[in-house]
2 protein chains.
Amino acid sequence: MEEEQSPRLPATGEPERKHEDAVVDAEDPGSTCNGASSLEQPLLKRSNTLTASHLAMVGAKVSRIESLDYEIIENDLFKHDWRRRSNVEVLQYIFLKWAMAFLVGLLTGVIASLINLAIENISGLKMLHMVNLVRDKRYWAGFLYFSGINLALTFVAAVLCVVFAPTAAGPGIPEIKAYLNGVDTPNMFGAPQLFVKIIGSIGAVSSGLDLGKEGPLVHIGACLANLLSQGGWGKYKLKWRWLRYFNNDRDRRDLITCGASSGVCAAFRAPVGGVLFALEEVATWWRSALLWRTFFSTATVVVVLRGFIEVCRDGRCGMFGEGGLILFDVGDVAVRYHPGDLLPVTIVGVLGGVLGALYNHLLHKVLRVYNLINEKGRLAKLTLALAVCVMTSVMLYVSPFAVPCTPCSPEFGESCPTTGKSGNFKQFNCPGGHYNDLASLLHATNVDATRNIFSTGTAGEFRLDSLLIFFAVYCVLGLFTFGIAVPSGLFLPIILMGSAYGRITALLLSRFARIDHGLYAVLGAAALMSGSMRMTVSLCVIFLELTNNLLLLPITMFVLLIAKTVGDAFNPSIYEIILDLKGLPFLEPKPEPWMKDLTVGELAAAKPRAVTLSVVEKVSTIVDVLRSTRHNGFPVLDRPRPGVSELHGLVLRSHLVAVLRKRWFLGERRRTEEWEARERFTSAELAEKAGDVEEVVGMISLEEMEMYVDLHPFTNTTPYTVVETMSVAKAVVLFRSVALRHMLIMPKFQGPEISPIVGILTRQDLRAHNILDSDY
Amino acid sequence: MEEEQSPRLPATGEPERKHEDAVVDAEDPGSTCNGASSLEQPLLKRSNTLTASHLAMVGAKVSRIESLDYEIIENDLFKHDWRRRSNVEVLQYIFLKWAMAFLVGLLTGVIASLINLAIENISGLKMLHMVNLVRDKRYWAGFLYFSGINLALTFVAAVLCVVFAPTAAGPGIPEIKAYLNGVDTPNMFGAPQLFVKIIGSIGAVSSGLDLGKEGPLVHIGACLANLLSQGGWGKYKLKWRWLRYFNNDRDRRDLITCGASSGVCAAFRAPVGGVLFALEEVATWWRSALLWRTFFSTATVVVVLRGFIEVCRDGRCGMFGEGGLILFDVGDVAVRYHPGDLLPVTIVGVLGGVLGALYNHLLHKVLRVYNLINEKGRLAKLTLALAVCVMTSVMLYVSPFAVPCTPCSPEFGESCPTTGKSGNFKQFNCPGGHYNDLASLLHATNVDATRNIFSTGTAGEFRLDSLLIFFAVYCVLGLFTFGIAVPSGLFLPIILMGSAYGRITALLLSRFARIDHGLYAVLGAAALMSGSMRMTVSLCVIFLELTNNLLLLPITMFVLLIAKTVGDAFNPSIYEIILDLKGLPFLEPKPEPWMKDLTVGELAAAKPRAVTLSVVEKVSTIVDVLRSTRHNGFPVLDRPRPGVSELHGLVLRSHLVAVLRKRWFLGERRRTEEWEARERFTSAELAEKAGDVEEVVGMISLEEMEMYVDLHPFTNTTPYTVVETMSVAKAVVLFRSVALRHMLIMPKFQGPEISPIVGILTRQDLRAHNILDSDY
């Protein structure tokens, strides 16, 4: 293959001043870089343009998404702002950063505790009354009561979600992941989302649906972080001068990372696991300083949780307060390894990988179908949620009748059978001295069910057929519950499924399994999590902190590694699938191998010509450009003297709109002095998000349209640039490492007739998926 | 302040062809970018050049250091190589990567177990015999025996270290940290270092010196990783085709990360802690895929360790095998928090920060003095090591005589007093039924001492005066032992000091302290570690895995955060101090604030003019350039037609030397075809490190000097470039994020008379320290 280094020049020169014809039709495939066409074997067909979609599914609705500005915009106003910043202001900033991290942790901890309190009490009372009805053999009344309460709770959750905050449905983790990767989804981290997420989560979880509060808690943490950093929501914002330091995407990103890890910590009472989850799964960029701050947040959460547990000890909070700081304590079992354990443990790992991948595959299909239903409108969404709730109620209520009662063994002690509160040996429909093992698992909150199935020293407690029914029920529910319009987490459904198959494996292979059956349930849960979510270190620590058995660690690592390897052989992780399904332009860390064979120049040539501005530009041109394109950054060119051209930098759409809004126009084509712009604009004002052009255009008179704008003070003079011959693989590494929004492509050759810019690439242009779709 | 955007042009044009005068005297401060001098308020004085030192202390000797090439060198040969790479080869590469990670873990685990075995047996036998002599009241004989054996062991360790591998002294962690940051120190990861580190570590630790085997184990892991990836050392290399995939700095970096985390895992039996240590403290760049691979390595280590423990149970390995997988198990203590605990715990944290910072400060001073001694030669080094050994022996042997004997309390059970093997209540010089509490701490291996002081339920065991003496002894030893010429780790000395002051605090504040005194020892150790090393999450997990008490986690986090905050107020972490002391050019993650006020153009102007080459260059010019400079990369310029200039790319010194060595010369100034270079060079050959130019020059005849070299096939055509107006702060972020070695500075303006390159910046030029030193 002929290389592109042969000395060659563009066949046709660039137009002398391309700013005048800045608005280019999107159908025009004319390449800015004619030079690339001299390649003997072009890898790109030039006939089609590289069309990048700016739309994605946000909460079952197609919305316009934007990229975030994580790059430092080095323009005159910004530089002036930090040059003037005093030491006191720097200290204010540092103090506020830590205070925010503390507040995020504190509030997440308090909210999580209150959610827990509500769920345990609501569903505890519900179960208690239902069990009483069943004990009196009033089965139909019990069913109607059970499903009626469930329906009411789901209705509340779903109506809130559908009417007030459609984006609050689901876990929210994929959107947070995308945000931290640089993709802003609208209406994701506001006050309505926070409120709906809290109330909806309480309703959905206590209605017995097969979903967890873990994902929603992560989202709650992120919402809190965002609201705190903005000083409020919408019109109701705190007007505090200190807060202006946080009015940028970089600091918000850090705080949302703190929020996400606080959420995980609050969900699992796992402070280190929370930090690692944020690090391994959610965050794209990471610094040591951030590690420390997230750690501080989760430490705060854990102190709050401990405080609540101390307060609620001795039953002062109703049914809440059991369990202590460790959710599923299996620390009392001594683990001794035996070579014979290798077989069943390996089977658990392999099955975890296979089942996890299968779950991902099936969930993908179900979510596609659900998307079709959800698109039909609010009523369809609501109906779907209620239908799933009815199905859940039926399955949970009826299944225990299908298994026979088990007589209590004396070794279980006095706790068998349990009639009142939550316990391991539910009597349900059985005579005295007997218990219904399936009811112990199904008629409990999801957390209690997990605790029961993880319980150690109870090898004979659960019958194989009960476990099989339990597994089947939760497989069905796990697939069909996730996509409905209520706040829902994925963790607990997967843990429940995994623990069931772990125990089943232990029962089937009981000849080989010398490790406690409860530990097999833990291993199964870990394996399925790893098989579906493909995390390693963070899962390992979360399970360690959940179960408090350090001796289980080596074997957990073993199982996690197997399950992840097996799962990766089939499909990507569940979060990646959801990201893809929603169309969020997530940038993968590793470029595809074929990207090495493609240069950025070729990519740029496949796009419509870049729309550039002159450094002192006519108002009408700016208005035209803003109205006719949806680009967010425009290269600014200058030509200080004949034959010398300059890529002056990049100006953002939001800054142009701000200039038009303030009508900072000049009567003549001249360069302004620095103080002129500073008199009118502050760096904090420019940090605000851009409004719509159309709002602004109406205010500009026809005379003003003929005036000029000096773009010098607003132009980021040092955008990141690469040469057109760079491979896309290398460019993607740069784009992601430095967290870019726009990457400017410079020509290989420099001369009097060559434009200083070849094109401009954004996140969408560099995604493997988009490049492949655009007709190669 | 006037901005630099005003349209301006260089006052003097560049010479038409600057390649002819490529060799520029280092003293010539003439700036390539005259344009920058038009700034009204220059931040740089132009009189002095920015001199970058390429020297650093490597193992007490000043050596030349180099940067590593983590950037993808996109030249013709490399591109051809990966375009031709088949799927089978890709699979080979992936398989080998995992196999290497496995081997690193396996070998580290085995070596760590053998080291443990040796240490426990050697020092166990030594102690046993010494105790017998003391029991017979033969105190002088006991002392001579004790110090004699210690002296012999230290002598072996020090002689090996001084004669064969001076770089094996110390922990090695700072050098690994520098390597992963992109700094190559010579003779650091070879076979002699590995061998000396193993034997020296056994000798040094069993001689009772106040040092640990943790740091050396990390270095051993890194050495193993490096040797495996190279297929051997020096001349004795495995000639396996698959290994060529690993002959690049990027893959080696990943494998060394695996090695480092395996080392920590082997030292503390802490698999997750090992991964996090590598992540938080050692590694500079991190990817999710790497997280997974390191996790795989540490999982392997832990399986090997478990295997050894199983094999050695029942005393089959002499004195080795106690302790199980958890080194210092305090998991049997239930922790209930009380608001009253807040005071003593806060005191432990604050003291940890203060003492840690003080330790860093004093150690810095001691290391400076030691450097002066060590520079005097081998004999001085050896004498210093032996003197410290004698001092240690005296202090350890004599101190226990200073405290009175304590009668055994019946609640201690039958284990008091212990006479034979390691135990908590050493009889030493005491009558029957009594024990010497200080001897229990001092006459044990460091690990056993830690286990004793961490032991729970023993609040009355240690007397305050014993603990004070212990603390004082280990403070003195901890300061004076670290810098001597034996392999030495910092972890254990700090843990010993910290646990002592933790217990002292608990004793002094026993009115307030309701938590077990053993846990105070743990907290003290954690606080001092954090106060000195400034780690958070990784320390937290390491202590969790060391002590197996999850309930201690919230309070450990609290203490760690306090200690780090307090310590950071005084000085940087101990590793940063050592890095600085050695002069290793470590790039900090965060640019200094004042770097925003300085542009890369100004930096480049303060350096000697960049030495450039023409794309087809005379042999004599290349030879001159290589001999007269020590630069490792040269910009390659081209001028395809009059008025059009091109920065063709960057060529590495090693590639130029390779061309000279093969004498691939052309009779005329022409561009070669691609196959011509491919016939003579392979990508694998070019990956070898450059030899010295002087070796090669002798082979070139005078006629050949007049011939030409075509640099097209060797030039990286897409080096990362930035515009001269970019602030140094922004450039540093790019440099570190993308792991660069050379950063090319492009001019702001492009025109016929302007050179396409302004200068070239390297790691040394971007370090805050160097910029500040160079006379601003």
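Cβ atoms here come from the backbone N, Cα and C positions, even for glycine.
TrEMBL has this to say about the protein:
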- B:1-38: region 'Disordered' (REGION)
- B:98-119: transmembrane segment (TRANSMEM)
- B:140-165: transmembrane segment (TRANSMEM)
- B:255-279: transmembrane segment (TRANSMEM)
- B:285-305: transmembrane segment (TRANSMEM)
- B:343-362: transmembrane segment (TRANSMEM)
- B:382-403: transmembrane segment (TRANSMEM)
- B:467-497: transmembrane segment (TRANSMEM)
- B:550-567: transmembrane segment (TRANSMEM)
*For the transmembrane segment (B:98-119), which stretch among B:140-165, B:255-279, B:285-305, B:467-497, B:550-567 has the most Cβ pairs under 8 A?*
B:285-305
*Taking pairs 6 or more apart in sequence, does the count of Cβ pairs under 8 Å between the transmembrane segment (B:343-362) and the transmembrane segment (B:285-305) hit 3 or more?*
no
*Can you say which of B:140-165, B:255-279, B:285-305, B:550-567 has the most Cβ pairs under 8 Å with the transmembrane segment (B:467-497)?*
B:140-165
*Stretch-level contact, the transmembrane segment (B:285-305) and the transmembrane segment (B:550-567), CB cutoff 8 A, at least 3 pairs*: no
*Distal contacts, the transmembrane segment (B:550-567) - CB-CB under 8 A, six or more residues away*: 330, 334-335, 337, 341, 345-346, 348-350, 352-354, 356-357, 360, 515, 519, 522-523, 526-528, 530-532, 534-536, 539-540, 543-544, 573
